[in-house]
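Chemist: From TrEMBL, here are the annotated features:
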| type | residues | note |
| --- | --- | --- |
| TRANSMEM | B:20-38 | transmembrane segment |
| TRANSMEM | B:97-122 | transmembrane segment |
| TRANSMEM | B:142-164 | transmembrane segment |
| TRANSMEM | B:171-191 | transmembrane segment |
| TRANSMEM | B:228-249 | transmembrane segment |
Amino acid sequence: MIELRQLTKRYGDTLAVDELSFRVEPGHVTGFLGPNGAGKSTSMRLVLGLDAPTSGQALVNGGRYADLRRPLHEVGALLDAGAVHPGRSAYNHLMCLALSNDIGARRVAQVLELVGLSGVARKKAGGFSLGMKQRLGIAAALLGDPGVLMFDEPVNGLDPDGVRWIRGLMRGLAEEGRTVLLSSHLMSEMALTADRIVIVGRGRLVADATVAELTAGYPSLEEAYMALTASSVEYGAAR
Amino acid sequence: MRAVLASEWLKLRSVGSTGYAVGAAALTIVLGIVWTLYVVSLADARGSIRAAAPEEGFLPLVQVSLAVLGVLAITSEQADGMLRTSLAAVPRRGRLLFAKAAVVGGVTLAASAAVLIATYTISRLIAGDRALGFNDIGLLDGLPTVLASALSVAVLALVGLGLGAATRSTAAGIFSVVSLLFVLPSVAAYLPAPWNTRVASIMLPNLVPQIAGDRLSRRLGDGVLPPWAALLVLIAYGAAALLAGYLVLRRRDA
């Protein structure tokens, strides 16, 4: 479970996340939506303890991420698919992460197989397409077989085959009882993948509901999203 | 801690820049052979000669190459975003930096000791019983200087790691190391006496001769530090840089 309590993050005079509170429960995929700059990625970084909150709390399984001893066994995250050393092979990239959390080479081979990168495991990650890097990032998130997963726009750069694969993977992970938080800008894809939707705009919570509830009053999830975020898309607007 | 060390050791081994840095440092062996052959030919023509020791003359090459390795160990992760992935795997930032420091320190100490001892030994073997100046003491008597030199390389790599973490920039990290190695000492040498010798005594490259009990230079004379104090100052350089890096890494958003 992921829980945000009055989470606030300020960078200089920019309020990136503004008293944001919501819970992500296990057992279904939770879609995380919002315009660019709404605070989705910042919220995920705060959950992982990469950035320190200005105030409020971000909790995973009831505790702070920074207190986890071997965090990859509890939380897996893909924040930025490009965040790999271009000269390191996919296998070594995963192995570096695995070693730090006492995960063995067999699991590394397993996740490479799972994401379909076994054939290029010894190739340098710098030569990978965005879609392949997304798959590598997903493999890294799955390394420790964690119960909580966060993916920041994992569908970007994937081919139609890959998009469908991610949809199945996300739903499968949730059906196994895991907590899955997934951000994306593809509304139609999100409508197919997620059961619950959290929408943020300008760092604040705009909606927290099931897909069925959101689409009840609108023709589609996309229409619901457009209507709900209509006032939140101006960048750098005075706050 | 063992797990994080294993991870950092693989990180260092699995990128090309590590090989290039160690390779550049190892070039010293080749340059040392070429230099020794050259001064041997001069000595054969003139009878005897006072030449600089190759492992001392080319030491800056080893220092800069492996200091860059130390800088890159942290700044490459900051540049490509890998640091966030690393910190998600190892949230205790001090632990991550400590593991990096242990691996960088160990690798650069071993590499520099190997390169410098090889350069030292090969040059003396080539020299044979000719009087080249640098080989006028026994083979074992020169070893303390060689080992102090190797230690200075490892400390410089840790300074690079610490200042790289503190400045979060490859360019700034390398510039800091080069300043400590070349810029500040040359400024110190031109201070009015006796301050030139006093300030020069705590400059990083001048700590090596003081640790080994040698003269700094003809111009500066003996350093003011006894060997143990020079060793402490050398270690303090590495510790101060790592502390600065830790404080920035701990406080700043990744």
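Every residue, even glycine, has its Cβ placed from backbone N, Cα and C.
Have a look at these and tell me how they're positioned relative to everything else.
Modeler: Counting residues 6+ beyond its ends, the transmembrane segment (B:20-38) has Cβ neighbours under 8 Å at 51, 54-55, 57-59, 61-62, 65-66, 68-69, 72, 111-112, 115-116, 118-119, 122-123, 126-127, 132, 153 in the same chain.
The list of residues near the transmembrane segment (B:97-122) in space but at least 6 beyond its ends in sequence, with Cβ under 8 angstroms from a Cβ of it, reads 1, 4-5, 7-9, 11-12, 18, 22, 25-26, 28-29, 32-33, 36, 53-55, 58-59, 62, 66, 69-70, 73-74, 90, 139, 142-143, 146-147, 149-151, 153-154, 156-158, 161-162, 165, 238, 242, 245-246, 249.
Remote same-chain partners of the transmembrane segment (B:142-164), defined as residues 6 or more beyond its termini with a Cβ less than 8 Å from a stretch Cβ, comprise 25, 53, 55-56, 59, 62-63, 66-75, 78, 97, 100-101, 104-105, 108-109, 111-113, 116-117, 120, 170, 172-174, 176-177, 180-181, 204-205, 207-209, 211-214, 231, 234-235, 237-238, 240-246.
Long-range contacts of the transmembrane segment (B:171-191) within its own chain (CB-CB distance under 8 A, at least 6 residues past either end) are made by residues 60, 63-64, 67-68, 70-71, 74-75, 156, 159-160, 163-164, 199-200, 203-206, 217, 219-220, 237.
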